[in-house]
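Engineer: OK, Swiss-Prot features for this one:
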- 215, 217, 219, 223: Cu cation A2 binding site (BINDING)
- 217: Mg(2+) binding site (BINDING)
- 57-76: topological domain 'Mitochondrial matrix' (TOPO_DOM)
- 37-56: transmembrane segment (TRANSMEM)
- 77-101: transmembrane segment (TRANSMEM)
């Protein structure tokens, strides 16, 4: 009897050509939409390729076989209605997913992320420390010469975000200087951090793990030095971490 263990891909990989493994319902919906759209695109590509091949071979062996045919009403209707139907089939699930991802459903906690050149600042506005102030901290990328065994180059930080699983969370994202972007591929999050503006998104992490993201908006010479690290833990471990702050 063989035991098969899943190896989850929650970090960027060299020459990666596909999505990271999903950890939220939103990301699962995005991957399903991508697969459905690719199915229709492959069908259209195959059909158009067949038609082009058929036309080339037909006209190659015949000398103007349809020289008196100026138009075909039926085929004109087909090539107009068929693409329109395909676009509608693609559009409806896309719009539904778009509105679902934009909806913030009764968040149990809020995390504020502020982008600065070139680090992140986080605030847990629902929790206070011993001084009666909200819990906040800055997160910097660990330099390559200080990395420990098992840490990832240009992805690990000194102070990661810690959050509980199976909890509706709201991320409020802004910036203090230039435009940044808070992106977490495994969570299906990518939202601009704009100075003077508060953007929000939500996440429901369904499994424990460590997730990595990066600033996805060119923000200066040290743009690549703004990684994001989220540690998703159980509720008990999260409350213990809060008590230590």
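Just so you know, the numbers here start at 1 and follow the chain as drawn.
Here the Cβ of each residue, glycine as well, is placed from N, Cα and C on the backbone.
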Engineer: Can you name every residue in this chain, apart from 215, 217, 219, 223, with its Cβ inside 8 Å of the center of the Cβ atoms of the recorded Cu cation A2 site?
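Structural biologist: Apart from the listed residues, the neighbours are 115, 118, 178, 179, 180, 181, 216, 218, 220, 226.
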Engineer: Averaging the per-residue pLDDT over the topological domain 'Mitochondrial matrix' (57-76), what integer do you get?
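Structural biologist: In the predicted model, the topological domain 'Mitochondrial matrix' (57-76) has a mean pLDDT of 68.
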Engineer: Count the other Cβ atoms sitting within 10 Å of the Cβ of residue 215 (Cu cation A2 binding site), across every protein chain shown.
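Structural biologist: If we count other Cβ atoms within 10 Å of residue 215 (Cu cation A2 binding site), we arrive at 26.
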